[in-house]
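*Asks:* Right, I'll just put the structure down here and ask away after.
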């Protein structure tokens, strides 16, 4: 009798019969599919950037200290770029004074505008500490000039078209590599990196974090 019951429970029809379901669950691809574009601090990434993309390496919630090719305690490579007035500027020009060098995604985007204006509003505190503030993005000199004029930015903006310096310094990207990272470096008078701060979601925090370091150098 036990054998008969076991055989009855293992009938092929019972194994192959599909379960009744009022609705089939959505596939993983559908769950991961965004709308036609995704806005992030004013920049847009195509939907294809998200479709079944592999998970990125985790960082500390895109905030805090993140080190790439340029690390704390190192002397970063020199570079020469054009500023908002079309003049060539080299990093070595600022040796002998502390420097706050911040990489940002793009001019005229919400997060970057907030960050630039926050640096502007605290600029006198940086100057009092003897420091220079320099912003770098992939925008051209004309874009920087318009951006600086519109928001009355008193500091230097450098054009890193092609992102050569960004790559050399190892500035990490966000949003599956589609969004340039927001990372700030504090260099002392000797050109040595004393602090690296990364925070894409809270651009204004870069000012408070770097001021604390500058005022104690």
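Glycine residues also receive a Cβ, built from the backbone N, Cα and C atoms like all the rest.
Below are the features listed in Swiss-Prot for this protein:
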ACT_SITE  112  active site, cysteine sulfenic acid (-SOH) intermediate
DISULFID  112-117  disulfide bond
DOMAIN    70-217  domain 'Thioredoxin'
TRANSIT   1-66  transit peptide
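How buried are these features, and what lies next to them?
*Replies:* For residue 112 (active site, cysteine sulfenic acid (-SOH) intermediate), other Cβ atoms within 10 Å of its Cβ number 24.
Averaged across the domain 'Thioredoxin' (70-217), pLDDT for the predicted model comes to 96.
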*Asks:* Sort the residues of the domain 'Thioredoxin' (70-217) into helix, strand and coil with DSSP and give the three counts.
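*Replies:* Counting residues per DSSP class in the domain 'Thioredoxin' (70-217), I get 49 helix, 36 strand, 63 coil.
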*Asks:* For residue 117 (disulfide bond), which residues of its chain lie six or more apart in sequence with Cβ-Cβ distance below 8 Å?
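*Replies:* Expected: 151, 153.
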